[in-house]
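Engineer: Right, I'll just put the structure down here and ask away after.
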């Protein structure tokens, strides 16, 4: 195989990996790009791409004094979020995808997508993006190569992964890698003018678990196009994890340091809109306690001799912007202060800064909104899209834990599950053991609110382990992997806790202040692990007593805290039928241990409700 066989290659290929070169050559024949470029991951390359995208109208350079080396992108209004209805797990057998995923036969899907891929990069450059999941120092790293026609994706991948020549060197002449194909689906004919945000109305985001391939078409946005993120780090990695005996989870990783300098590490899984990023970057309100962030979104967990260790496979934060401010998440705001940030679909101020709903201070008198239109506080529409994003490197965070670059990871002391429940679920509860905790995670749910247009208010939206859109195989087998890990780890496994920051009183007010004060709950979790405090026995487990929480300096009335810690049996009884139906929906591969734990929960509810 010679590099001459890769039509349009700019310069010599910086690799001797024949498998990689053959794959690229085949892709070139399918996509028909004008040029092929191996990216090196350098700052000079990033700057050059940014300049080109500013000229093309895709990026707007922000005020250099306020946001150094930072840019704003505005996507097409049809391309603003993950599209779960167009996301497929194409396992050989439909039952292996399970009831929570869209399925299509793999060869039929490849045939269909190949029709769309044919010639889809005409007039564009195909970028070869080698990347490493997790620290590049890992002696046995998980690697990938994404072929893409989107410079925005290349720029995002440089922030979100360890990308470029170092990753290519890790792949070497004979190394294996996950193959990721991506095209925005907007070919350019000779002389045709490009648009600022190329995409296609037809979209596919497809994972092939047996062959560890990812094919994406039609979208340039976020997790649809930055294939190292949800597609690899969760959907494909969860399949690898089951096969190899580890776990790929939708979890933050937090380092908590007590006044004596002892560090603890917590992993936590929350569905969307439940405060995950804010907890990952928490600023404790308890004197003497500090926190550092290892990761805000994804954890890969592996057993070692003395316990369960977590690594963050990502290199950056891809956070939701609206609602982020110096009160709710000062660390996120400070992380963006030095610049080097890629913003998408936020508003633009008249002096070249960015703005979104929920930012500190009053809204400016005039903005350009995320669609490029004039906006004033009297406008009916939001200035920033609700799913607008900031993309920034972790090592720029003032609270970045140095261990985020340690390939061996950090030993996890506790795992938290939490949804958004106005009632039923107490503020914090320790589960009885790993199997009980697995059942609690399997039934994780958030109550629907009036804000959910299609939902019946009060019904539960189930999201097992906050992994519902990201389990790359049968959900019952995914739960079996949890049980298997617990059996292997035994008493070395971390304790599992259930938390709920969102309990409301009868008048609708929140009973718990949340945000930085959630450190008080984390302190109780640590105290519980260390055996320093007792607990009340409730239907769901060992629930905290109000007097055991450190409430010094908290304005919240003690009566509210006590109410937030209740687990009313009649409310739990109301959930039983819904939860039973959901376990049935998950199918016959749900482990017997989960069913027996649910039976035990029902028995406790009946006894308390009698």
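Positions of Cβ are set from backbone N, Cα and C atoms, glycine also.
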Engineer: From the candidates 42, 137, 176, 272, give the one listed by Swiss-Prot for the same substrate site as 82, 221, 222, 223, 387, 388, 389.
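Structural biologist: That substrate site, as Swiss-Prot gives it, pairs 82, 221, 222, 223, 387, 388, 389 with 272.
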Engineer: Looking at Swiss-Prot, which one out of 250, 265 binds Mn(2+) in the same site as 230, 297?
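Structural biologist: Candidate listed by Swiss-Prot for the same site: 250.
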Engineer: Secondary structure at residue 389 (substrate binding site) (DSSP, helix/strand/coil)?
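Structural biologist: Residue 389 (substrate binding site) sits in a strand per DSSP.
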Engineer: Relative to the Cα of residue 250 (Mn(2+) binding site), which of the binding-site residues 82, 221, 387, 515, 517 has the closest Cα?
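Structural biologist: Of all the candidates listed, 82 is nearest in space.
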Engineer: Would you kindly give the Cα-Cα distance separating residue 221 (substrate binding site) and residue 273 (GTP binding site), rounded to the nearest Å?
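Structural biologist: Computed Cα spacing between residue 273 (GTP binding site) and residue 221 (substrate binding site) is 19 Å.
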Engineer: Give me the CA-CA distance between residue 221 (substrate binding site) and residue 517 (GTP binding site), in Å, as a whole number.
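Structural biologist: Cα-Cα distance, residue 221 (substrate binding site) to residue 517 (GTP binding site): 34 Å.
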Engineer: Of these binding-site residues, 272, 277, 387, 388, which scores lowest on Cβ atoms within 10 Å?
Structural biologist: 272
Engineer: How many neighbouring Cβ atoms, not counting its own, are there within 10 Å of the Cβ of residue 230 (Mn(2+) binding site)?
Structural biologist: 25
